Amino acid sequence: CPPAVFPLSCTVQNYSWGKLGLASEVAKLLASSDPLVQIQPDRPYAELWMGAHPRGDAVIRDNRIPQKTLGQWIADNPACLGAKVKDTFQGHLPFLFKVLSVNTALSIQAHPNKELAAKLHAQFPEHYPDANHKPEMAIALTPFEGLCGFRPVAEIVSFLQSVPELRALIGEVAAEQLERSGSDDPRGVSAALRVCFTRLMKSEKKFFVDQLNMLVKRISQEVAEGKDTSGSNGELLLRLHSQYPGDIGCFTIYFLNLVRLEPGEAMFLGANEPHAYLHGDCVECMACSDNTVRAGLTPKFIDVLTLCEMLNYTPAPSSSKIFPAAQSQLDPNVYLYDPPVPDFAIMRIEIPSSIKLYLISAVDSASILLVIQGAAVGTSTAAASEIPLCRGSVLFISANESVSLQLSSPDGMLLFRACCLL
């Protein structure tokens, strides 16, 4: 029987929005786990991909295993997924686990549900590479900021009244429709919101660039005069405009919630939820897909019509976007983030310094374990030899296998584990 628990060497993506050099959590994890890696100070280290995605299939770090990558190994040993997972997801690992280090904003985007994904993939395979949905969850490692979901209508109306440039883009008729929509008619509110947001996103390029420049100039003057610009979300507007000058995405801050996560706090992004990560480091887990519909804050392919059609136009306060972790009844060191989709769940495992032996318990699913802090030696009946673990180590654990950790660090450990709990 081949070793069913083994270390992985994972793919780094150097997207331009990533943090540079050792400012990036991705780079720090990489440098710590492999001392031979040279981190380049002026290069962005944006994402670490832990999984079997064809664009970033993890390499197996165990020379007794003939397969080179995790994807190949799973294809040859599908039982390692666990019986339910294997049957439900046709012999594929259903999730992709990541670390993100965000320096400048990611595009305003949403991910399609399965029905829309299949349609987009059939029509435009060059832009939508697969037919799967892509719900995702981000858990902050450092203070993390993102835009997520539509703000309560009162907040949007307040911006429409204090930001004349925004009102000009949306037009008086649509603005008044939103102002008049009552909270007793949620469908009317969503319809009015859809009209306003679509008017914004489809406004004529020259017109919105002029309005944006006027707004930036006005807010810059107010800042110079020491005035409070929070009524027009000035600080964030200037920051996004400096990153993406003349981009329509700058105006979306008036529609979408600004969500701030402290380390350990999470947000879940279901299908059709508009979002854009702005800054910080997080672990992220998602269904295994690359389908993203974008409409701003990006030089990439933009599909405004599809985005405006598909979005979930339900307003909600930013506090409602924070997804709670549940402390495990069986093990007080484990906090479970279990989103309302079957594809993945994440465990945060905090081992205090008082514990020197800890058992990573078996689950009925393949899982991927990431070490964020601390060091240990891992042993398993399913591994051929001891596995040294330190910050940045990534371990694949087959279904129904446990791993015993002998801790060597004085200050405990912090681990994240992605799995599929059907």
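Placement of Cβ uses the backbone N, Cα and C atoms for every residue, glycine included.
Here is what TrEMBL says about this protein:
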type: DOMAIN; residues: 5-153; note: domain 'Phosphomannose isomerase type I catalytic'
type: BINDING; residues: Gln109, His111, Glu136, His275; note: Zn(2+) binding site
type: DOMAIN; residues: 169-256; note: domain 'Phosphomannose isomerase type I helical insertion'
type: ACT_SITE; residues: Arg294; note: active site
type: DOMAIN; residues: 336-375; note: domain 'Phosphomannose isomerase type I C-terminal'
All chains considered, the count of other Cβ atoms within 10 Å of the Cβ of Glu136 (Zn(2+) binding site) is 23
PLDDT averaged over every residue in the domain 'Phosphomannose isomerase type I C-terminal' (336-375):
97
Using Arg294 (active site) as the reference point, find which of the binding-site residues Gln109, His111, Glu136 has the shortest Cα-to-Cα distance to it.
Gln109
Give me the long-range Cβ neighbours of His111 (Zn(2+) binding site): same chain, 6+ apart, Cβ under 8 Å, in sequence order.
His133, Lys134, Pro135, Glu136, Leu269, Ala271, Asn272, Glu273, Ser289, Asn291, Thr292, Val293
When you measure from the Cβ of His275 (Zn(2+) binding site), which residues in the chain that are at least 6 apart have a Cβ under 8 Å away?
Ile108, Gln109, Ala110, Gly146, Leu147, Cys148, Gly149, Leu256, Leu269
Which residues, same chain and not among Gln109, His111, Glu136, His275, have a CB within 8 angstroms of the centroid of the CB atoms at the recorded Zn(2+) site?
Ala110, Lys134, Leu269, Glu273, Thr292
For Gln109 (Zn(2+) binding site), the number of other Cβ atoms found within 10 Å of its own Cβ
24
